[in-house]
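Report on one structure; see the data block that follows.
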Amino acid sequence: MDSSNAIFKSFLGKAPEWYKICIIAFLVINPLIYFFISPFVAGWALVAEFIFTLSMALKCYPLQPGGLLAIEAVFIGMTSAHHVKEEIMANFEVILLLMFMVAGIYFMKQLLLYVFTKLLIVIHSKKILSLAFCLSATFLSAFLDALTVIAVIISVGTGFYGVYHKVASGNSFEDSTDISNDEKIITNKEILEQFRAFLRSLLMHAAVGSALGGVMTMVGEPQNLIIAGQAEWGFVEFLLRVLPVSLPVLICGVITCLLLEHFKIFGYGARLPRRVWGVLARYNLLKEQRMTQQDRVKMGIQALAGIWLVVGLALHLADVGIIGLTIIIICTAFCGITDEHAIGRSFQEPMPFTALIVVFFTVVAVIVDLKLFEPIISYVLSADPHSQLALFYVFNGLLSMISDNVFVGTVYINEAKTALESAIISREQFDLIAVAINTGTNLPSVATPNGQAAFLFLLTSPFAPLIRLSYGKMLYMALPYTIVLSIIGFLSLEFLLPPLTELMSNWGWIITR
């Protein structure tokens with residue numbers, strides 16, 4: 001084997017050859033487009049290529065191919081290293097969240113697995129169980145960040161999967177085995193596939209639930225805080241102003257959840273196999289029998305840490321990541337986890353994704369520097385006031401499907417604020433536009449993992465390949481929710497928001513500044 005073959009073989013490891021060739025082609029083509037055709041076209045090509053690397057997440061983790069494309073983009077001048085740093089610092093809260101909050105949830109896994117195992121064993125109806133997961137995620141994400149909620153659900157799902165996988169592989173609950181290795185599973189393969197389908201559906205219901213809750217409050221999503229800040233709204237006012245859109249969407253989202261389970265379409269409807277239920281019930285019974293006073297105290301500490309988590313985030317007592325760090329300290333200190341290697345394991349899951357997010361911010365910097373969204377923004381602001389709400393919603397939704405909704409929301413609200421300060425739009429129109437931007441970035445963005453950081457985290461988590469949740473599968477399973485949420489959001493924005501906002505203003509519930 002000559003050196004060139006050796007380099008090609010080691011390049012991107014076990015990724016398919018056609019995929020490696022694609023990435024090399026992108027790296028060759030991008031500078032040519034940038035220098036000889038158009039920087040604008042090159043920018044959109046980079047966005048499309050980055051989306052491609054995300055869609056192939058199960059073939060190769062997107063950090064390496066996406067990172068190479070991002071490095072080249074900076075090198076050829078599509079953006080600067082300084083601007084990348086500015087984007088990272090502007091979104092530093094998200095990085096802290098990924099580093100510390102997800103690791104903090106790791107130390108609450110014992111309590112979460114106990115509670116959700118009870119839920120799984122007690123609730124036999126798949127419809128009710130799906131509804132419970134969806135509404136739990138909705139409620140939690142209204143007060144916590146949606147990414148934190150998904151981290152909780154992933155932690156629980158991994159626990160369930162690990163318990164059954166060990167037994168199906170012929171091991172006991174206590175054995176330490178590789179749950180990604182199916183070689184020892186011979187007779188239980190069909191049951192395992194059904195269990196995977198069951199977990200996929202629960203996870204997607206919860207993921208959409210996190211978006212339903214995230215749109216409702218100013219702490220639900222990072223961009224909500226930015227929008228609330230620009231509009232000068234408090235927690236209650238934000239909730240009331242968005243309610244004419246968020247409430248009908250929530251009701252229709254819940255109905256969609258039940259209908260999908262009833263008709264068993266779009267990958268939903270898989271029931272928990274009876275044998276798996278038996279294993280989980282046996283595991284739960286064994287755990288309860290072996291539970292010592294010390295175990296109960298540990299779960300009590302984790303419960304108190306959970307209460308602090310909800311209160312701290314709901315009242316915004318500190319940045320999300322800082323609260324996550326306090327969770328790590330409290331849980332490890334009072335549960336006796338002082339070994340650095342044991343603590344280090346909690347960071348194994350979030351760190352690759354944190355690195356990927358930084359690469360993503362590089363792409364965002366390219367979008368800003370090359371003004372890729374500027375033609376769309378100019379078109380929307382030049383439209384007549386009656387059409388502006390619909391256009392803001394539609395274009396926010398479309399761009400949020402391919403780009404980060406935090407970025408899209410921030411760009412649009414800043415442009416709307418500039419238009420207000422320039423007297424292009426009235427204050428009343430600005431308030432309505434702010435709601436359109438909030439709902440436009442949060443609702444249609446469930447269509448793809450690109451738009452919501454929580455969805456992207458789920459797709460690139462180690463749990464996704466275990467349950468065979470690919471990019472295409474996520475698109476397919478999110479499709480009915482995307483259609484319902486987007487249409488109901490649009491209709492509510494057009495026909496309910498203006499009259500109900502005026503009504504609440506007349507009642508004195510909200511004020512026009």
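Even glycines carry a Cβ here, placed using N, Cα and C.
Annotated transmembrane segment per Swiss-Prot: 21-41, 64-84, 88-108, 119-139, 143-163, 202-222, 243-263, 299-318, 322-344, 350-370, 389-409, 477-497, in sequence order.
Of the Cβ pairs linking the transmembrane segment (477-497) with the transmembrane segment (243-263) and spaced 6 or more residues apart, 3 or more are under 8 Å, so the two regions touch.
Per-stretch counts of Cβ pairs under 8 Å to the transmembrane segment (119-139) identify 243-263 as the leading one among 64-84, 243-263, 350-370, 389-409. Comparison of 21-41, 88-108, 243-263, 299-318, 389-409 by number of C-beta pairs under 8 angstroms to the transmembrane segment (202-222) places 243-263 first. Contact between the transmembrane segment (299-318) and the transmembrane segment (64-84) is not supported, since fewer than 3 Cβ pairs fall under 8 Å when only residues 6 or more apart in sequence are counted. The transmembrane segment (88-108) is not in contact with the transmembrane segment (21-41), judged by fewer than 3 CB-CB distances under 8 Å for residue pairs 6 or more apart in sequence. Taking pairs at least six residues apart, the transmembrane segment (64-84) and the transmembrane segment (143-163) share fewer than three Cβ pairs below 8 Å and do not count as touching. Taking Cβ pairs closer than 8 Å, the transmembrane segment (143-163) reaches residues 94, 97-98, 101-102, 105-106, 108-109, 112-113, 116-117, 120, 133, 137, 173, 179, 195-196, 199, 202-203, 206-207, 210-211, 213-214, 217, 219-222, 279-280, 283, 309-310, 313-314, 320, 324, 350, 452-455, 457-458, 461-463, 466-467 in its own chain, all 6 or more past its ends.
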